[in-house]
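Residues annotated as active site, proton donor in Swiss-Prot: HIS112. If you look up Swiss-Prot, you'll see SER98, ASN114, TYR115, ARG116 marked as substrate binding site, on the strength of sequence analysis. Feature annotation from Swiss-Prot assigns divalent metal cation binding site to HIS102, HIS112, HIS146, HIS176; the stated evidence is sequence analysis. Swiss-Prot lists 266-301 with the feature region 'Important for dimerization', giving sequence analysis as the kind of evidence. Positions annotated as site 'Important for dimerization' by Swiss-Prot, on the basis of sequence analysis: HIS176.
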Amino acid sequence: MFKEPPKNSREKTKNLLLTLQNKICSGLENIDEKGKFIEESWIRDEGGGGRSRVLKNGSIFEQAGVNFSEVQGKELPQSIVSQRPEAKGHEWFATGTSMVLHPKNPYIPTVHLNYRYFEAGPVWWFGGGADLTPFYPYLSDVRNFHNEHKKACEKVDNDLHKVFKPWCDEYFFLKHRNESRGIGGIFYDYQDGSGNIYRGNNQNGEASKASQSISKSNLNWDNLFSLAENCGQAFLPSYLPIIEKRASQTYSSREREFQLYRRGRYVEFNLVWDRGTIFGLQTNGRTESILMSLPPLARWEYGYKAKKGSREEFLTSIFTKPQDWLDDKDLEKFCLENNIFD
């Protein structure tokens, strides 16, 4: 059922993800100018380890974390067995690079990235994605982020983005708030080149429908490796232009308070719903690295309601709902009319 990966699969993916960590850190340091990443290497008692890099109190980033890990073990956590029961009973290996950036300026969005690879006996798969969480809405920023990742997916297969975009909307959703964490991006998991592209749990959702409307996956290991490589390389051109455009925008305590309020939603998702956080904690991962995704400051306010017609209201009513960001002309017209396009 499962095609065997190449003999050097672990070393090859490890090197890809280490290189991605290096490139991202270099690009972020260059644009921040003031902040520098501090690296801390760590070893996991059960096998493997990683290197965590954190930048704090830069000119752009209040906190930025870019982590690499390579871990292995004998007993799979329940979060994996429930998704892939055929992997049970095998020793496992997992490697990944993850990143979360929390800028100071509320006009610069928070952003998350994660690319990973997993093996357990004959079972292997790739997963990953990137998603953007603005605090103040600008459609042009959203479009740049989505377009770069769409192009990266289409270098491998024209159908992938049709599934990965709604899958991202589905995954980064706060069920207890009935809202999206941000404006999405791409998300994929359990990709082994067989069966349907969509491997999530919502068979009635948009991602599942998109997957059913196209042919089953016929990608091999090398194709999926290239997908991770292309999408990883798409990150800096998807995000740095937003920083360049927004970093000089002035803001007041009002914008800062709203940013901290919306960061609270980020915390809620990561601690309640995120599978990566759950996997890390279930496998005795390094807690400091796992919780690196949390912002240094956040706030909660009972019964908050944004003023009607304000940028804050546009964010909560439109930019926390799945949209056709690239092609919806009515959305484009609305954003132009309300000065939230560019």
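The backbone N, Cα and C atoms fix where each Cβ goes, and this holds for glycine too.
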Practice prompt. Could you tell me the maximum Cα-Cα distance in Å between the residues recorded as binding substrate, namely SER98, ASN114, TYR115, ARG116, rounded to a whole number?
Written response: 8
Worksheet, complete the sentence: A 10 Å Cα radius around HIS102 (divalent metal cation binding site) captures, of the recorded positions HIS112, ASN114, TYR115, ARG116, exactly HIS112
Practice prompt. Could you tell me which of these binding-site residues, SER98, ASN114, has the fewest other Cβ atoms within 10 Å of its Cβ?
Written response: ASN114
Worksheet item: Cα within 10 Å of HIS176 (divalent metal cation binding site): which of the recorded positions SER98, HIS112, ASN114, TYR115, ARG116 qualify?
Response: none
Practice prompt. By CA-CA distance, flag whichever of SER98, HIS112, ASN114, TYR115 among the recorded positions is nearest to HIS146 (divalent metal cation binding site).
Written response: HIS112
Practice prompt. Return the residues near HIS112 (active site, proton donor), defined as same-chain residues 6+ apart in sequence whose C-beta is under 8 angstroms from its C-beta, sorted by sequence, else 'none'.
Written response: SER98, MET99, VAL100, LEU101, ALA130, ASP131, THR133, SER293
Practice prompt. Please list residues from the chain of TYR115 (substrate binding site) whose Cβ is under 8 angstroms from its Cβ, counting only those at least six apart in sequence.
Written response: LEU17, LEU20, GLY96, THR97, PHE126, GLY127, GLY128, GLY129, ALA228, CYS231, GLY232
Worksheet item: Ranked by the number of other Cβ atoms within 10 Å of their own Cβ, which of the binding-site residues ARG116, HIS176 ranks first?
Response: ARG116
Response to the item:
Students should find that the Cβ of HIS146 (divalent metal cation binding site) has, within 10 Å, a number of other Cβ atoms equal to 23
Worksheet item: Would you list the DSSP helix, strand and coil counts for the residues of the region 'Important for dimerization' (266-301)?
Response: 22 helix, 0 strand, 14 coil
Fill in: For the region 'Important for dimerization' (266-301), the mean pLDDT of the predicted model
90
Fill in: HIS102 (divalent metal cation binding site) CB neighbourhood, other CB atoms within 10 A
24
